[in-house]
Amino acid sequence: MALVSVAPLVSMRRSLFSSPYELKSIDKTIPNLVMCRKRMLGRPSIRVSSTASVSNDDGVRRRVGDYRYNHWDEDLIDSLATSYEAPSYLKRADTLVEAIKDRFNSMGVDDGERMSPLTDLYQRLWMVDSVERLGIDRHFQNEIKSALDYVFRYFASSYWKEKGIGRGRQSAVTDLNSTALGLRTLRLHGYPVSSDVLENFKDHNGQFTCSGIQTEGEIRGVLNLFRASLIAFPGEKVMEEAEIFSTMYLKHALQKIAVSSLSQEIEYLLEYGWHTNPPRLEARMYMEVFPQDTIYEQKLVELAKVEFNIFHSLQKRELQSLTRWWKHYGFPQLSFTRHIHVEYYTFGSCIATDPKQSAFRLCFAKMSYFVTVLDDIYDTYGTMEELELFTAAIKRWDPSVVDCLPEYMKGVYMAVYDTVNEMAKEAEKVQGRDTLNYVRQAWELYIDAYMPEAKWISSGYLPTFQEYLDNSKISFGTRITILQPILTLGEPLPHEILQEIDFPAKFNDLISVILRLKGDTRCYKADRARGEEASSVSCYMKDNAGLTEEDAIHRINAMVHNLLKELNWELLKPDCNVPISCKKAAFDICRIFHHGYKYRDGYGDATIETKNLVKRTVLEPVPL
């Protein structure tokens, strides 16, 4: 048995804490705290086992999750060492960046350039795609824009607009590889391109067709068609057809071609696609299979590896800082909750790979960890009386109320209070205004959403699917994991623009619904075993009598598939006031959580996939 004793905050100097951040617009009385019972203060520590229900010395019955806890050796994290911050590596990276910029700039933007007019369009697209997939595109934003502006001139021309493009501006015929790569890349960068260009690659029966010889060139063309099809918007039938055709073609090709860098790339993309494909994991894969036949290709790969390892040095320091924070607030002693701070840091560093985005990575990891701890408290461990006290304490936002909480909640409350305040100050440096009141309102809405679910569990009530989804998309905590991190990104977000990306704006609402639905399809059995009957699966079955679990999951997955297309549109639609960097960060948060749910629940217990992600993107540098 493990003893829960969270006392590191009891000795904290409360005189240092005041409540200057009280919401002036809200005057609330919180009787649960005013009438805080003395017996709560004197409650003994709680002994927890791995069974479904336990009791402590005063007879309180509790449910606990059957989790295996911290999967990572703290001594290993503390001892992580790297030499990639040495000046020689930084200097080499700078040299390689300049060499690649020279390559970009040597293309020019005029028709009289040195690059062959028979390949100039594809070469530009290939260069942009390569630096993005290798994770080094932040160095070449101006060069990328110039290259894509050039390609778009021809993609949108009267001749090519309906047919697609050839490999070069003077190509006599259209090319599937160039057109698919162009459609994907231009769309992701906000250029108005239509998927109708793919109609030109169908036969007279309206079916996509290829030669059947399956040359490497043809396979790569279909691979880029597959990649493009994943960036579909609602109602794009040709993109649906392209996804079906390319998936079948590539699976068939894998059975015929020899094991090679191409086959490895195909296997990876078929497995992770786009919506479950963490950028840093793809970068590691791509640098391992990237061709190195020319000096230029060798420089691209070398820069990618050097940058990967320089960032690895920064990850080491940030992860050690996060672990100190985790220990300071007594989280290791909370044996009823999941200890997955390392995993959450990994997720953050997989989607925010610019070294300057340290505040984003750490804030994301901490907010995600809070959501996990509170989920375990509200759904499993806490009593109704304790949950009401904690809910009231969050609304009060005052460190003095910690005395009214049971022992195991004290450290959690102070961690939330301190960290949210700290991140609000960090955001103020970027936003030029205090965002704490806004963030507190988000926390109130979030914490309130837990109480109906706790009552459902207590009473055995099973809501309708819509009733469940309306509440659970808030309690899932997506808004909490997104809001404060994006406020630190360096982009000013005035209140009216922030509301276009924050809940309940459609963009944020879609992310919340997608993750709630996908998460439930992976977790509902384990949740049910802990006494949590309500899930999107069980509620959908309630609304549709006679439906099997398998059928319900199939329909929910179909919902997610369609919602992802809506999310694509919300991300890439024109005339949006929200900076694309902020939308992309929120979108990538959806991708990384979706990655964790791809095959099973990657959060209840670290799966092979999650462990692999931590090792390949955080713990292990790339061999040079």
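Residue 1 is the first one shown; counting continues down the chain.
Note that Cβ sites are derived from N, Cα and C of the backbone, with glycine treated the same way.
What Swiss-Prot records for 1-47 is transit peptide, and it gives sequence analysis as the kind of evidence.
As annotated by Swiss-Prot, Mg(2+) 1 binding site applies to Asp375, Asp379. There are 19 other Cβ atoms within 10 Å of the Cβ belonging to Asp375 (Mg(2+) 1 binding site).
Feature annotation from Swiss-Prot assigns Mg(2+) 2 binding site to Asp375, Asp379.
Residues or ranges marked as motif 'DDXXD motif' in Swiss-Prot: 375-379. Here the motif 'DDXXD motif' (375-379) has long-range neighbours at 65, 336-338, 387, 390, 409, 412, 450-451, 453-454, 457, 475, 477, 527, 530, 532, meaning same-chain residues at least 6 beyond its ends whose C-beta is under 8 angstroms from one of its own.
Under DSSP, Asp527 (Mg(2+) 3 binding site) is assigned to a helix (H, G or I) in the three-state scheme. Marked as Mg(2+) 3 binding site by Swiss-Prot on the basis of similarity to another entry: Asp527.
Counting in whole angstrom, Asp375 (Mg(2+) 1 binding site) lies 11 from Asp527 (Mg(2+) 3 binding site) by their C-alpha atoms. Annotation for Asp379 (Mg(2+) 1 binding site): spatial neighbours Tyr450, Glu453, Ala454, Ile457, Asp527, Arg530, Glu532, criterion Cβ-Cβ under 8 Å with sequence separation of six or more. Of all Cβ atoms in the shown protein chains, 23 besides its own fall within 10 Å of the Cβ of Asp527 (Mg(2+) 3 binding site). According to DSSP, the secondary structure content of the motif 'DDXXD motif' (375-379) in residues is 5 helix, 0 strand, 0 coil.
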